[in-house]
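Q: Sharing the feature lines straight out of Swiss-Prot:
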BINDING   Gly10, Pro11, Thr12, Ala13, Ser14, Gly15, Lys16, Thr17  ATP binding site
BINDING   Thr12, Ala13, Ser14, Gly15, Lys16, Thr17  substrate binding site
REGION    35-38  region 'Interaction with substrate tRNA'
REGION    159-163  region 'Interaction with substrate tRNA'
REGION    240-245  region 'Interaction with substrate tRNA'
SITE      Thr101  site 'Interaction with substrate tRNA'
SITE      Arg123  site 'Interaction with substrate tRNA'
Amino acid sequence: MNKLVFCLMGPTASGKTGLACELLTHFPFEIISVDSAMIYRDMNIGTAKPSIHELQRAPHYLIDIKDPVESYSAAQFCTDALSLCAEIIKRGNIPLLVGGTMMYFNALQKGLATLPEADEAVRKRLEEEALSQGWDFLYQKLSQLDPVTAARIHAHDTQRIQRALEVYYLTGSTLSTYLTGPHVQPDYYFVNLALFPEQRSWLHERIAQRFDAMLSEGFIEEVQQLQAKWPIQINLPSMRCVGYRQILEYLAGHYDYETMREKGIAATRQLAKRQLTWLRHWEGALFYDSQNVGFNIDIIAKIREILDNTVSN
C-alpha cells in the first residue's frame, strides 16, 4: 500500500469533486488537484473550484498556487505532485489525484519526455506564419502532421499549437510520439478511476446548466475583478480556461451576451470531448458511468477491494 496512488479522472462536469469529498469519508485519502485552471488565485467561479465548505471538509493541494499572470507547466506539476505523494504516504495516508487535465495525468504516470528546448528562430518563423496565414491555418497543418496531438488541444490554444509544431520542425518527430514513447516512470502504482458518462446528451446538459449557474453566481464580475487587479491579456495561459476568453471578448464588445454564453458552453463541451478522447484510450483504467445511480457505491467497493488485496499481499 505504501506506493499506491489513486487517480479520479473524468471530463468537466462529470461529478469528480463531489465524489472525491465523499471518498474522504471512507478512506485515508489526501486530495491533490490535477487541474490546470484551479491552480490560479482569484479564479473561482469559472474554474468550478470546490466551495469553501467542501475545502474545509476535504482540503485540496495544488489549488490557488499561481497568480493569473503566471504560467505552470506539466513538468512543474509532476515535481509538485510527486513531492506531495511522498509526503502523504509518509504520513500513512493515500494520495488521491482528482481532476481533468489529462496531460498532467499522462506526464505524471508515463514520465516526461526529453523534449527539445525552445528555439527562438523556429518560434519566430511560426509567429510570422501565424500573422500572415492565421492560427487556424497552423492548427490545420498540425492536424495533418500530428492528428493525435491536434485532437487533444483546442484550435485556439496558440501556445500549444506553436510548441507541437516547433517539436516537429526541430526533431522530425511528432509531440504525440514523444508523449507515448518509453520514459522513466515514477515509482508508484497508479489506480485510475475514470468517470465516463455514456450519454453525451446528459453531460452536455450538465455543462450548459453549470455554465448558466456560473453566470448567475457572478462569473462576469469575477473576470472584471481580474482585469482590475491584474494586467490580464487574452493570450495568458490562465485566460485559455474555458469561459474566461469568451467573457473577455464579451467585455471588449466583440460578442453580445447570448453569443458569449453560447460560445462558452460550446468551448466547455469541446473540452469535455478532448478529455473523453484521452480517457477512451487510457490503458488499464476502470470506467464508471457517473449518470448511473449507485456508481459511487461501486467505486467505493472497488477501492476497498484493491486496498484489502494490497494489505493481504
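For all residues, glycine too, the Cβ spot is worked out from N, Cα and C.
So that I understand the layout, could you describe where these features sit and how close they are to other parts?
A: Long-range Cβ neighbours of Gly15 (ATP binding site) (same chain, at least 6 residues apart, Cβ-Cβ under 8 Å): Leu195, Ser290.
In this structure, Thr17 (ATP binding site) is part of a helix by DSSP. If you draw a 10 Å sphere around the CB of Thr17 (ATP binding site), it holds 22 other CB atoms from the protein chains shown.
Sequence-remote contacts of a segment are chain residues at least 6 beyond its ends whose Cβ falls under 8 Å from one of its Cβ atoms, and for the region 'Interaction with substrate tRNA' (35-38) they are 46-47, 49, 60, 62-64, 72, 77, 99-101, 103-104, 237-238, 241.
Beyond the region 'Interaction with substrate tRNA' (159-163), the same-chain residues lying 6 or more positions past its ends with a Cβ under 8 Å from any Cβ of the stretch are 118, 123, 126-127, 130, 135, 138-139, 142, 153, 175, 235, 237, 240.
Averaged across the region 'Interaction with substrate tRNA' (240-245), pLDDT in this predicted model comes to 95.
Just so you know, the Cβ of Thr101 (site 'Interaction with substrate tRNA') picks up 20 other Cβ atoms within 10 Å once every protein chain is counted. In three-state terms derived from DSSP, Thr101 (site 'Interaction with substrate tRNA') belongs to neither a helical nor a strand segment and is classed as coil.
Under 8 Å, Cβ to Cβ, and six or more positions away along its own chain, Arg123 (site 'Interaction with substrate tRNA') finds Gln162, Glu166. Secondary structure from DSSP puts Arg123 (site 'Interaction with substrate tRNA') in a helix.
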Q: So of Thr12, Ser14, which of the binding-site residues has the fewest other Cβ atoms within 10 Å around its own Cβ?
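A: It is Thr12 that, of the binding-site residues Thr12, Ser14, has the fewest other Cβ atoms within 10 Å.
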Q: Quiz question: given the binding-site residues Gly10, Pro11, which has the greatest number of C-beta atoms lying within 10 angstroms of its own C-beta?
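A: Neighbour-count leader: Pro11.
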Q: For the recorded substrate site, whose residues are Thr12, Ala13, Ser14, Gly15, Lys16, Thr17, find every other residue on that chain with a C-beta no more than 8 angstroms from the centre of their C-beta atoms, and list them by sequence position.
A: Gly10, Pro11, Gly18, Ala48, Gly100, Leu195, Ser290
Q: Beyond Gly10, Pro11, Thr12, Ala13, Ser14, Gly15, Lys16, Thr17, what residues of that chain have CB atoms within 8 A of the centre of the ATP site's CB atoms?
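A: Near the ATP site, the remaining chain residues are Gly100, Leu195, Ser290.
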Q: State the Cα to Cα distance, in Å, between Ser14 (ATP binding site) and Thr101 (site 'Interaction with substrate tRNA'), rounded to an integer.
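A: A Cα-Cα distance of 13 Å.
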Q: I want to check the contact list for Lys16 (ATP binding site): same chain, sequence separation of six or more, C-beta distance under 8 angstroms. What comes out?
A: Leu8, Met9, Gly10, Val98, Gly99, Gly100, Leu195
Q: Using Cα coordinates, what distance in whole Å links Thr17 (ATP binding site) and Thr101 (site 'Interaction with substrate tRNA')?
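A: On Cα coordinates alone, these residues lie 14 Å apart.
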